[in-house]
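**Q** Have a look at the structure that comes next, please.
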Amino acid sequence: MAHFSYNDNQLTVEGCTLSAIADTYDTPCYVYSRASIEQSYQAYASALGAHPGMICYAVKANSSLAVLQVLAQQGAGFDIVSQGELQRVLAAGGSADRVIFSGVGKKAEEMRFALQQQIACFNVESAAELETLAQVAQAMGTTARVSLRVNPDVDANTHPYISTGLKENKFGVDIQTALDVYRRAASLDGIDVVGIDCHIGSQLTQLAPFMDALDRVLALMDQLAEEGITIRHLDLGGGLGVTYNNEQPPSPADYVGQVIAKLGDRAVALMFEPGRSIVANAGVLLTRVLYLKPTEHKNFAIIDAAMNDNIRPSLYQAWQRVLPVIAPEESEPTQQWDLVGPVCETGDWLAKDRALALHEGSVLALMSSGAYGFTMSSNYNSRTRAAEIMVDGDKHHLIRARETFADLVRGEQLLGSEDPS
Ligand SMILES: Cc1ncc(COP(=O)(O)O)c(C=O)c1O
Ligand SMILES: N[C@@H](CCCC[NH3+])C(=O)O
């Protein structure tokens, strides 16, 4: 069920209109639907059903505390890539024993913190990282549960910047050498081998690449079993795509169902690390038209959101739907507009060539903004980052205040004003 839809002429989410939210909190602001986040999580949880395992939401997609809180209350696990993400999960009420730690560059102090918290598992991405983790665990007199992220060398058929499972990508251990790294892991004090994982890319709209990767990972798992290295869980990462325009990605039920079918009689728990497919379509970015600037070549609508608020169009040429929060009269003529922000970069655009009926002050919703929107935002051009709002039924809650000048300069000092201590 789509949670954002027109009711009369008002774009509405659950029981709230987006025009009322823009009036209350000003723009730009991100707006999320609690019901939509819960529904997307439950689609995975029910697809897994009684099969042992865990759905570990990828925190990088949207790490706002209230979003994590909603997911923790649903019983989600979490996939993190930094100590900061782990601290966010804990602050939001998530429990460390449902956390897995991914990422190519974990620092020793981050490993130490995660071991103190007794997280469920480290997804180790290189032989060198394995050695550091073993040393850290030994020095603490503890044991790290480990899964090796293998790079299965499959083409995810997605944008090259978000493909991660090819041998030229920096991620994971080459599947050809993984067996040796597992042997080493099994021999190390401080390391308990528990799993195997892969993550081949993001915004995948077909199952075939996932299934190719799974075949390769299962073959390695069988080889490991022959050597007496028992794998207790298989983690297939995240990556399931969403509909931005007219993509038709498989449902979590189809995906998880096919994975379970392929396991055959292997008794292995299953983990998934979905990010985008949990939150992308649960959020929008609201922005207001500041100025209309029709030129001989192009019509520019200058809006108050920019590449610092959502870098996806600039970075990946991403396409996200734009809808007016109040639908225009049918008789109002539309024109083609490029929606550009106030940032001093030619690449600062959020949408190009959109047929819209615009006025100064029109409020627009950039749809599908719940994933990799706020989390990738920055203060470029000394712009304060946007507010975030969570809609829950007919109530809306400010879950992050718009930044202020004090936020912008926090930690900065003028020369000569340093603390002498
Ligand atoms: C290791 C890992 N897990 C999970 C994810 C989440 O991916 P997605 O948002 O495509 O589901 C990512 C990001 O691509 C990742 O790098
Ligand atoms: N940030 C990217 C996806 C990268 C996923 C992180 N591994 C996006 O917006 O599409």
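Glycine is treated like the rest: Cβ placed from N, Cα and C.
Pulled the feature table from TrEMBL, pasting it below:
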| type | residues | note |
| --- | --- | --- |
| DOMAIN | 29-370 | domain 'Orn/DAP/Arg decarboxylase 2 C-terminal' |
| DOMAIN | 35-280 | domain 'Orn/DAP/Arg decarboxylase 2 N-terminal' |
| MOD_RES | K60 | N6-(pyridoxal phosphate)lysine |
| BINDING | G239, E273, P274, G275, R276, Y372 | pyridoxal 5'-phosphate binding site |
| BINDING | R276, R312, Y316, E345, Y372 | substrate binding site |
| ACT_SITE | C344 | active site, proton donor |
**Q** Can you tell me which of these recorded positions sit near ligand 1, meaning the Cβ is under 6 Å from at least one of its atoms: R312, Y316, C344, E345, Y372?
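**A** Listed by sequence, the hits amount to none.
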**Q** A 10 Å Cβ contact count, applied to the binding-site residues Y316, Y372: which residue has the minimum?
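**A** Across Y316, Y372, these binding-site residues, the one with fewest Cβ atoms within 10 Å is Y316.
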**Q** Please identify, among the recorded positions K60, G275, R276, C344, the one with the smallest Cα-Cα distance to Y316 (substrate binding site).
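**A** Closest candidate to Y316 (substrate binding site), judged by Cα separation, is R276.
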**Q** Which recorded positions from the set G239, E273, P274, C344 have a C-beta atom lying less than 6 Å away from ligand 2?
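**A** Cβ < 6 Å from ligand 2: none of the recorded positions.
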**Q** Using a 10 Å cut-off on Cβ-Cβ distances across all protein chains shown, tell me which of the binding-site residues (E273, E345) has the largest neighbour count.
**A** E273
**Q** Of K60, R312, C344, E345, which recorded positions are close to G275 (pyridoxal 5'-phosphate binding site), meaning a Cα within 10 Å of its Cα?
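**A** Qualifying among K60, R312, C344, E345: K60.
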**Q** Determine the most Cβ-crowded residue among the recorded positions K60, R276, R312, using a 10 Å radius around each Cβ and all protein chains in the structure.
**A** R276
**Q** Tell me the Cα distance separating R312 (substrate binding site) from P274 (pyridoxal 5'-phosphate binding site), rounded to the nearest angstrom.
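**A** Between the alpha carbons of P274 (pyridoxal 5'-phosphate binding site) and R312 (substrate binding site) there are 18 Å.
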**Q** Please give me the CB contact count at 10 A for P274 (pyridoxal 5'-phosphate binding site), counting all chains in the structure.
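**A** Cβ-Cβ neighbours of P274 (pyridoxal 5'-phosphate binding site) within 10 Å number 27.
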